[in-house]
């Protein structure tokens, strides 16, 4: 479904009505220059989702750095600890696409609530894990349902226009990154207390329950009351949240039929419009993982720096990456509001920085490269997410984001193997190999023309 606009037709992103909103009549709705109920509801809901993203990574980052120490304290051997650690990535690989398809069919709000609650259950079990069996059991619901951030991004895509989407995603990533920065600090403090790990896991469980309450109590009704005159994107009935891109309600067919139809449409997308986007995501994710895989070791062997310096660099880099999300608006304007062009430029910059990091022997150049890499990768992640949502459209945005998470999970499995082989050749091997992979991503983007999101949506509508 498309709607006309000043610059031609643009794809309908789920909540945009198929016809332009009528002009506001005098005396109805909000006065000119004043925000109407729809605008107020939209702002409240966006802020609520930003808070959900912040709390999500804040809670997770409190616990994740402590997992290896806890499983070791339970008596697990290094081999068993490695298998348990990899189980999360394996479960994510198989569940990401299915949960994404489910969110397209069942609705973002209900799927987000279910994922948050099951993730909370996993962390509650983790807080009671006094043996390896309970520890493994705790990772199962988290591995299967910890897709809250990807569903939140798909939800944000449904709520804003295509032009606003990169900026909103950048702000969401900023809020999440701040939580990721603060979480390890709080978790490290709590773990020094008696029973610190169990206390930390229970606090994480409580944070997820709080997130579920935020999603449940979010001002969905504010947007529903608005009406077209108060805001075309927010004056929709709740039933529209459960519609596919064809405009028919997902409840008209059994959910399993809808999921199967979405997966078939996703197969068509992979054969046409989405393969290059997912391949670029995989290459760039693998390049960055290779860079991080031996970062601390490289600082010690190549520059003679202590691990504390690596911590400072990683912390400052995370903070700069978070700020980069706030600066995405001006950067997008410089790129002519073309996320694909911005992704190409940020990937090229990442390639050059990885190459410089691998080749330099100067501490100053190394610090500069590390700092700029945080910015370029942050911008690149936002752009690649926006492109996935553009290709998937309203009918498969969640499914394509889930498939992207599966692709990243494959990178997490492959990166340690490639890093070990490259490390055997040279301490500069992992970042050098990452630069080569980033260059391959730049070449792929240069050789492929941009694809519009409508083609993918039309394929899904025909299913």
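Just so it is clear, glycine is given a Cβ too, placed from its N, Cα and C backbone atoms.
Of the listed segments 8-28, 197-217, TrEMBL assigns transmembrane segment to 197-217. Long-range contacts of the transmembrane segment (279-299) within the same chain, counting only residues at least 6 positions beyond its ends with a Cβ under 8 Å from a Cβ of the stretch, are 305, 307, 309-310, 313-314, 343, 347, 350-351, 354, 357, 366, 373, 377, 380, 384, 388, 404, 407-408, 410-412, 414-416, 418-419, 422-423, 427-428, 430-431, 433-435, 437-438, 440-441, 444-445.
Listed stretches 45-67, 168-190, 197-217, 311-332, 430-447 were compared with the transmembrane segment (112-138); the greatest number of C-beta pairs under 8 angstroms is found for 197-217.
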